[in-house]
């Protein structure tokens with residue numbers, strides 16, 4: 001039996017319309033005053049935690065009733081989350097705060113399938129929600145003895161600088177065809193089925209300028225970073241990504257690098273510091289520097305492309321140019337998108353009626369959606385580069401808070417969790433106890449069919465290539481066995497290539513991916529340009545210097561293709577972009593000669609390469 005506790009707050013019958021007010025989000029020139037009413041459902045006799053796992057609020061927007069459903073973002077912090085700041089004398093102070101009972105939520109609006117919400121409930125409700133295809137912000141008015149909140153739109157916040165803002169990544173494409181092709185591709189339902197979530201362990205660094213900007217209030221800075229991470233987490237789920245905050249470092253006694261308006265200098269400096277300092281202290285996948293400095297020109301963010309999991313380049317820098325959390329979080333998600341191999345959108349790309357996250361300029365309304373191009377490029381990066389660091393999924397045993405039956409999270413001690421009895425749609429699961437119903441062997445999993453284990457030999461994960469055999473159910477478990485690849489170096493595609501991390505990389509496929517049909521591997525003579533060591537022809541980079549290929553290594557540098565497509569006659573076609581010099585290089589593991597593969601810009605014996 002569920003006992004419903006109503007926490008009733010006076011709800012204005014006709015919301016007050018305000019003309020202008022100064023809030024944390026800025027000077028708002030048109031807003032609506034609402035009085036949220038909280039409705040909490042707890043099992044009878046249960047002790048109410050400080051912040052429930054699920055909450056519901058009712059209020060009015062434009063005179064119409066709104067029901068906001070919230071669920072705690074339990075994956076916001078990693079189990080080993082840490083915070084570091086520095087004493088005035090420079091001493092490093094690292095703590096591991098208890099963050100299980102936090103106050104950061106994702107949610108939706110009742111009866112609005114297209115709605116989303118990201119809310120901090122620490123002191124009233126602060127955040128944003130999408131209602132009937134429009135984004136609204138909500139924030140406490142901080143009046144004494146009042147539960148009044150302001151609801152407003154982004155367009156009603158006064159902007160200090162109306163000039164267009166943009167990402168610092170510039171695209172100097174030799175051809176827009178790869179983007180055009182990506183916009184026309186469709187990821188099949190079968191591919192989506194076998195596309196597991198990726199998990200980015202995010203580390204945020206805050207520079208001293210941010211400390212000064214916030215008058216040294218470290219608690220205020222921490223709260224803002226939590227809110228930003230919560231929004232980034234919400235945005236990334238559309239890419240089948242989950243971002244967990246593993247650490248926060250505040251440069252409270254001085255910057256650890258020289259932070260300059262020059263984004264190239266600052267990004268490289270931060271990347272080097274991350275590699276030589278931060279990574280030696282804290283394991284993480286991706287780091288972002290938030291700074292109060294005003295970058296040169298209209299730039300507010302900058303990142304390396306296709307660098308996720310790289311020990312140095314898996315970083316981004318973001319200017320904290322707006323007091324509105326959603327606006328800054330969008331830039332953080334945008335720059336992480338670059339790290340995930342995503343380029344700026346073009347006219348060929350779409351995300352419905354909304355502005356897209358990866359647009360090169362910041363739109364008048366904050367974006368929250370990745371385009372079709374972004375999804376394909378991210379998928380392509382993951383499949384080709386196989387970044388290993390984002391594959392480690394947090395286990396159920398990593399959830400340190402007590403299990404809560406009905407929250408749709410499978411936790412320790414539960415056999416299943418399909419939500420509340422009213423919402424459960426799993427015929428195998430008893431929603432009241434989170435145990436399997438009598439006669440059921442399973443309630444979920446790729447090897448669970450009609451509450452029974454799938455027959456032994458049933459395919460549960462398709463083969464993605466000759467080097468990635470399909471996995472089959474064992475008949476003894478509801479889970480598909482772990483994804484296993486053929487051994488690196490095993491011949492594939494009739495000896496045209498060798499297996500590498502589940503793929504069979506050959507130059508023909510790489511030419512096709514860059515330029516399309518009727519394009520093939522070029523003659524050996526074309527690859528001699530890689531001996532020049534110039535801006536495009538080289539084998540690898542060491543300390544920022546481009547190293548020319550040795551004669552025996554020329555097929556492990558820039559990729560050259562022969563274009564036989566209609567209207568083309570280019571025997572030595574190559575791809576080069578200033579903003580992503582790595583794109584167009586021969587991929588690691590590619591066959592460069594009989595019995596040899598590319599490894600770190602060298603053509604080495606396959607027997608010793610792995």
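Using N, Cα and C of the backbone, Cβ positions are placed for all residues, glycine too.
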Annotation match for pyrrolidone carboxylic acid in Swiss-Prot, from 132, 192, 388, 450: 192
Same Ca(2+) 1 site per Swiss-Prot - residue from 158, 201, 479, 521 joining 285, 389, 392: 201
For residue 483 (Ca(2+) 3 binding site), the one of 201, 389, 405, 526 that lies nearest, given that the recorded positions are compared by Cα: 389
Candidates 344, 424, 504 (recorded positions) - the one closest to residue 434 (disulfide bond) by CA: 424
Recorded positions near residue 373 (disulfide bond) (Cα-Cα within 10 Å), from 201, 344, 428, 492: 344
Any further residue of that chain within 8 Å (Cβ to the Cβ centroid of 468, 469, 471, 483, 484) of the recorded Ca(2+) 3 site: 461, 463, 470, 481, 482, 485, 502
Fewest other C-beta atoms within 10 angstroms, as judged across 309, 416, 526, which are the disulfide-bonded residues: 309
Rounded Cα separation (Å) that holds between residue 372 (N-linked glycosylation site) and residue 344 (Zn(2+) binding site): 12
Residues of the domain 'Disintegrin' (402-488) by DSSP state, where helix covers H, G and I: 0 helix, 15 strand, 72 coil
Residue among recorded positions 201, 335, 468, 483 with least C-beta crowding, 10 angstrom cut-off: 483
